[in-house]
Amino acid sequence: MDTGLVKEDAGTRRMPALSAVRTHFGDYGMLLALLVIMAFFQIMTDGTLLRPLNVTNLVLQNSYIVIMALGMLLVIVSGHIDLSVGSVVGFVGGLAAVLIVQYGWHFVPTIAVCLVVGGIIGAIQGYWVAYLRVPSFIVTLAGMLVFKGLQLALLGGRSVGPFPIEFQRISSGFIADPIGNPGFNLPAIFFGIAAVVAIGWFGLRHRANQNRHGVAPAPFGLFAFKSGLLALLVLGFCYLLATYRGLPNVFLLMITLVAVYAFITNRTTIGRRIYALGGNEKAAKLSGVRTEFLTFLTFANMGVLAALAGLIVAARLNTATPRAGLGFELDVIAACFIGGASASGGFGKVTGAVIGALIMGVMNNGMSILGIGIDYQQVIKGLVLLAAVSVDVYYRRK
Amino acid sequence: MAAILEMRGITKTFPGVRALSDVSFSVEAGEIHALVGENGAGKSTLMKVLSGVYPHGSYEGEIVFEGEERRFSGINDSEAVGIIIIHQELALVPLLSIAENVFLGNERARGGIIDWGATYAGTKALLETVGLSESPDTLVEDLGVGKQQLVEIAKALSKRVKLLILDEPTASLNERDSDALLELLLRFKAQGITSILISHKLNEIAKVADSITVLRDGTAVETLDCRGGPVSEDRIIKGMVGREMADRYPPRESRIGDLLLEVEGWSADHPLHTDRRVVKGITLNVRRGEIVGIAGLMGAGRTEFAMSLFGRSWGRNVTGKVRLAGREIDVSTVGRAVENGLAYVTEDRKTYGLVLERDIATNVTLAHLSGVAKGGIIDDMRELAVATDYRSRLRIRSAGVHQDTVTLSGGNQQKVVLAKWLFADPQVLILDEPTRGIDVGAKYEIYALMNRLAEEGRGLLVISSEMPELLGMCDRIYVMNEGSLVAEFPVAEASQEKIMNAIVRAGRR
C-alpha cells in the first residue's frame, strides 16, 4: 500500500527533540495525569489527601482493586472481559467467613481453599469461553449472577464475623519496626531506599545493554529526569507511610504482585503470546500459540486474584457481608481502560492498569473528603473514564 | 476522442513525504485505462484524490471531469457525478442479501420504508447485466469471491456510473472468474462506460486495456497506447521498475536429494458441513532441495489441504500419515507440526500471518519464541539482533525493526511472514500464494529467497494460482482438482495447456 512509503520516509528523518520527549515519555503521560489529579485534591482538601493517615488508607482501600486489575488486564489484552469478579470477591469472602467463623477452621487452610476455589471458578468460566466459544461477556455475566446468588445463599443473607486477629492482619497489619521507634518506621524507609536503588540500577543496566547492542538510548538528561522524578515519588510516599504506621502487609503483597505481573507481561514468552493472541488470534494460532489454553489460563488466573481480593476485603471489614464486592468489577474494568487497555484486545500495560486503579482510588478518596455525595461521585467517575479513553483513542488514531 | 477525466499537476504530500508529485493523468471517454506501478508508487493515493477520500484542498492540482473542474469534499460528491471506486477489499455485508447490499445506502424506499418489490426487480436487472443468475435474496456470505466481486460491480452500476475504478479486481479470483470479469469490462466499454483498472496482472492488462499509465515513485512516468498494437509485458515492467527485467524468475540449479516429506492418504472434511469431504486422499512427496508446486483452480482444496496438514488448522475428521525423512511425525497441533519441521506461510497474511499492530521484531519471533528466550524469559536484545538480522537479509524496507507491520507495504509484510518461518528453521515450507498482491521487484526477491532455501536442502511445497510462476519456479508440479490430485508433471513436461487440460478432464469425469 502507498502508506508504506510514507512511513518509511517519515521514520528515517532525524527525530526532533520534541518527538523524542513524546516517544520516551509516552508511558509517563498516565503518571503525570495521576499527579495532576493528586495535586488538585491536595489543594482542594487543604492537604488532607497526603496526610500520612490518609495515604495509608488510600493503600488499604485500593489494594484489592489494583490486584484484580492485574488479572483483568490480561483478560482484556487477550480480547475478553470478566464481569464476575465482584461476585467472586463476595462469594469467596463469604466462604472464608463460613469456614473460619462457623466451622472453626484455621486461617491458613482457609486461605488455601479459598484461592483454589477462586481458581476453579475462573477455570470453569475460562473453559466455557476458550473451548466452548461462548462469548466472555455472556459467560461472566452468568457467573456474576450465579456467584452473587451463592454468596447470599452461603451467608443466609446475614453478615458473618468477626475474624480472628491473625486473619485480619492480612489487611490491617503493618510491618513492625524492630527498634520500635514510634512515629518513624524504619522498614518503610529502607524499602523506599531499596526501591530507588533498584530503579537506578535497572535503568542504567538497560541503557548499558542498549549501548552494547548499538541501540541509541534516550538522551541521558531525560533518563535522569524520569528516574529522578520516580525516585522522588517513591521516597516521598515511603516517608509518608513511615510517619504513620509503616508498610501495610497488603501493600507488600500488592507491590510484589505488580512486579511479578509487570515482568510476566513485558519479558516472558507467555506474556508475549497473550498480546499476540489479543492482537490477532488466527495469526497467533497459526504460529503455534496455544490460544485456547492461554485464554483459559487468563480466566483461571483472574479467578485466583479475585479470590485473593475477596480475602483482603473480608479481612479489612472483619466480616463477610451480603453486599461485599458489589460493583467491584466496574472499578476494576474502568481501571484497565483508563490505563490505556484496548477494548478489542492486544493493547494494555500493567503499569497503566495500576495507575488507572490509583486514579480511580484517589478520586474516590478525594471526593469523599470533599463531601461530594455518592451520586455525583459516580457521575464524575463516569465522565473521567469516558474522557481518558477518548484521549487514548484520539492519539492512537493519529 | 475527448477526455472524460483530466487530473493536472496533482501533488499530494503527507508529513515528511511526497506521495504524488506533479502527476498528470488523463482518461478518454469510453476507454479502459490501466494504471500500473509497484506497490507504493502512488496508484491508490491518486485514486483516493480522484474519489474525494482526500478532499479538495488537501492536495495541489486540479481535477477536470466531463469538462468541469471538480472539487470533491468527500466520496459522496464523486459518486454523485458518476465516479465509482471498487476497492480491493470488498465492502459487502456478508450477512445481508445481494439485494440489500446492492442498494445499501441507496435504498429503493419511500419515506424511509423500503420498497422490496422495486429492490428485487432492480437487483435482478443489475445481476443480469453482470451475468449472475443468483436469486437477489441469496446471502452474500454464501457466494464465492468471484461472484461477490460481480455483486460489487452491480452495486456500482446501481449508482449511474460514468467512470468505474477497479482496484485489483482479480487479485483473489481464479482464471475463469477473472476472464469473466474482464469480458464484463469490455461489455461496459461497448455501452460507453469508462473504466480505470489497477492491476498487477500484466497479462490481463494486455488483454483489455486501451492505454496504460505507469506510475513510479509518485510520478507518472509514461502513458502507453495499446490501440496501435499490443504492448509487451517486458515493456510495461521496464516502465514500472525503471530498468529492464532480464528474467522474471531467478535461475537455479536444482540439486535434488532424498525423500523429505511424504504425505499419504490425507483427507479432511469441511468444518461446518461435515458430510462434505474437501480433501480427498492426497498422497504426495517432496525431496530435499526440491520446489514442488500444486496447481489448481480457486476452490480446488489446496489451501484446505495445506492448513489441515499444518496442525489441523482447518477441517474436521482429518486423517492420513505424514513422514519426514522416513520417520512418521505428529502434526496434530501447530506446535507439534512446527517442532517436527513444518512451516506454513499463509495466503492471507493480514488475517492469518501477522499481528498487524505489533512491530516487525514481535512478528518475526512469534513462531519460535524459545529461540530468543531462556526459561520462558525473553531476551530483548537477542530478539532485536535476530529481527535486525532477518530485516537486512530479506531486505525488509522499514524504518527499523520496531515499525508496526500494519504500516508496511504488501511485499514487505510478506517478507516479515517469511522471516517468521525462517527463524523457526523448518525442513519443509508450505508456501500458499507467496507472491499474491505484491509487486514485480518484491516478487523477484521472494523467488530468489525460495531458491536459496531449496539450495540449503529444504523442501518447498508451493501453492499458486499463477501458472507461469509455478512453471518458472518448480521442479515438479501436482495438479489438484475438487480435493484430489489429478496429475503430476516434471516441470520439463508441464505447460499451462497441459495443466488446464488435466483440470478440465478431471472435472468431466
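In case you wondered, yes, glycine gets a Cβ from its N, Cα and C as well.
According to TrEMBL, the protein carries these features:
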TRANSMEM  A:25-43  transmembrane segment
TRANSMEM  A:55-76  transmembrane segment
TRANSMEM  A:83-101  transmembrane segment
TRANSMEM  A:107-130  transmembrane segment
TRANSMEM  A:137-157  transmembrane segment
TRANSMEM  A:184-204  transmembrane segment
TRANSMEM  A:216-242  transmembrane segment
TRANSMEM  A:248-264  transmembrane segment
TRANSMEM  A:293-314  transmembrane segment
TRANSMEM  A:326-343  transmembrane segment
TRANSMEM  A:350-372  transmembrane segment
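The transmembrane segment (A:137-157) is in contact with the transmembrane segment (A:83-101), judged by 3+ CB-CB distances under 8 Å for residue pairs 6 or more apart in sequence. Within the chain, the transmembrane segment (A:184-204) has long-range Cβ neighbours (under 8 A, six or more residues past its boundaries) at 174-178, 223, 227, 230-231, 234-235, 237-239, 241-247.
Here the transmembrane segment (A:25-43) sits apart from the transmembrane segment (A:293-314); fewer than 3 CB pairs are under 8 Å, leaving out pairs fewer than 6 apart in sequence. Contact between the transmembrane segment (A:83-101) and the transmembrane segment (A:293-314) is supported by 3 or more Cβ pairs under 8 Å, counting only residues 6 or more apart in sequence. Only residues 6 or more beyond the boundaries of the transmembrane segment (A:107-130), in the same chain, are considered here, and those with a CB under 8 A from a CB of the stretch are 80, 82, 84, 88, 91-92, 95-96, 99-100, 136, 139-140, 143, 147, 163-164, 166-167, 291-293, 295-308, 310-311. Tertiary proximity for the transmembrane segment (A:216-242) is limited to same-chain residues at least six positions away from its ends with a CB under 8 Å from its CB atoms, namely 20-21, 24-25, 28, 35, 50-52, 55-56, 59, 184-186, 188-189, 191-193, 195-196, 199-200, 203, 206-207, 210, 248, 251.
If one looks beyond the transmembrane segment (A:326-343) by at least 6 residues along the same chain, the residues whose Cβ comes under 8 Å of a Cβ in the stretch are 30, 64-66, 68-69, 72-73, 76-77, 81-87, 89-90, 144, 309, 349, 351-357, 359-360, 381, 384-385, 388-389, 392.
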